[in-house]
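I have placed the structure first, in the form of structure tokens, so that the comments after it can refer back to it.
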Amino acid sequence: MDVYGLLGNPVGHSLSPSMHEAAYRELGMDARYVIFEPEAESLRAALQGASALGIKGLNVTIPFKQEVLTMVELDELADRIGAVNTIDLTGDRPTGHNTDAVGARRALTDHAVDVDGARAVVVGAGGAARAIAFVLADAGATIHIANRTKERAEELATAVPKSTGHGLGDLPELLENADVLINATSVGMEEDESPVPAGALNRHLTVMDIVYRPLETRLLRDAEEAGAATIDGAWMLLYQGVAALERWTGQDAPVEAMNETLRAELAGESGAFK
Ligand code: ATR
């Protein structure tokens, strides 16, 4: 039996085990996906142990996405982003990758968004925004980063090619000519709030949210009302998992089975805000 897993502490209720195990069933793999919650000081030992035990791959979540940077061989994108969410243990040495970034791009392209040449507005300047901004820049987009703390947006913009940094106050103007808007903050998860004024949205936009609890965020509802196309947060979650699974197994992921399981799990969760 092959073992994969998720490293974080605390992990909380993760959708990854059911999503990945749905894929294993579909592919006829004898495999399990397990949650591991090591103490921060044991992280290096945990990774070495995982390798020694023949664990094939690990996803990494809060608070370890930066900590593991020094413990694995980084691919170029993960190195530039400065965060790892996927570790491949199938080779001679553990390698670190960022499938959050790849997942965001694939969520967009799978919804017929032509990222090359697009004008993208990214809200946020934390780890998620950083991953998304780099991967969109690689794909040929022009990026405007808008953040509550303007200085963080400006700092991120100095690192990302073809990008500018702004405060949230610039959003109405930035969105007038934008093609894509991505919320890369956690706003909308705890409360029924949006980081973007509803009046700044328009029908020419595609609006993507990284928040998936709830799936229907205030931002996405406002976007629908404005006539914009929407991409909910489960798509990025799905495609980061797809990219991780494909890296670990070398097989095409059964995207539909993974998506169905993910959405069934999310639909089964009670209460909009948790
Ligand atoms: P992550 O790594 O998950 O992206 P993070 O580094 O804590 O998390 O970043 C969170 C992002 O959400 C930041 O861009 C943050 O804005 P600040 O840089 O000004 O802190 C943004 N954010 C969090 N709460 C917010 C709120 N209530 N309104 C607007 N932006 C918010």
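Just so it is clear, glycine is given a Cβ too, placed from its N, Cα and C backbone atoms.
Automated prediction, rather than curation, is the source of TrEMBL annotations.
Binding of shikimate is attributed by TrEMBL to SER14, LEU15, SER16, THR61, ASP100, TYR212, GLN240, and within the candidate set ASN85, ASN202 the record adds ASN85 to that site. The binding-site residues near ligand 1, defined by a Cβ under 6 Å from one of its atoms, do not include any of SER14, GLU76, ASN85, ASP100, GLU151.
Spanning the residues GLU76, GLY124, ALA125, GLY126, GLY127, ALA128, ASN147, ARG148, THR149, LYS150, GLU151, ARG152, ILE210, GLY233 that the record associates with binding NADP(+), the maximal Cα-Cα distance equals 29 Å.
The most densely surrounded of the binding-site residues SER14, SER16, judged by C-beta neighbours within 10 angstroms, is SER16. If you compare every pair of Cα atoms in SER14, LEU15, SER16, THR61, ASN85, ASP100, TYR212, GLN240, the residues listed for shikimate, the longest distance is 18 angstrom.
For ASN85 (shikimate binding site), the same-chain residues 6+ apart in sequence whose C-beta sits under 8 angstroms from its C-beta are ASN59, VAL60, THR61, LYS65, HIS97, ASN98, THR99, ASP100, GLN240, ALA244.
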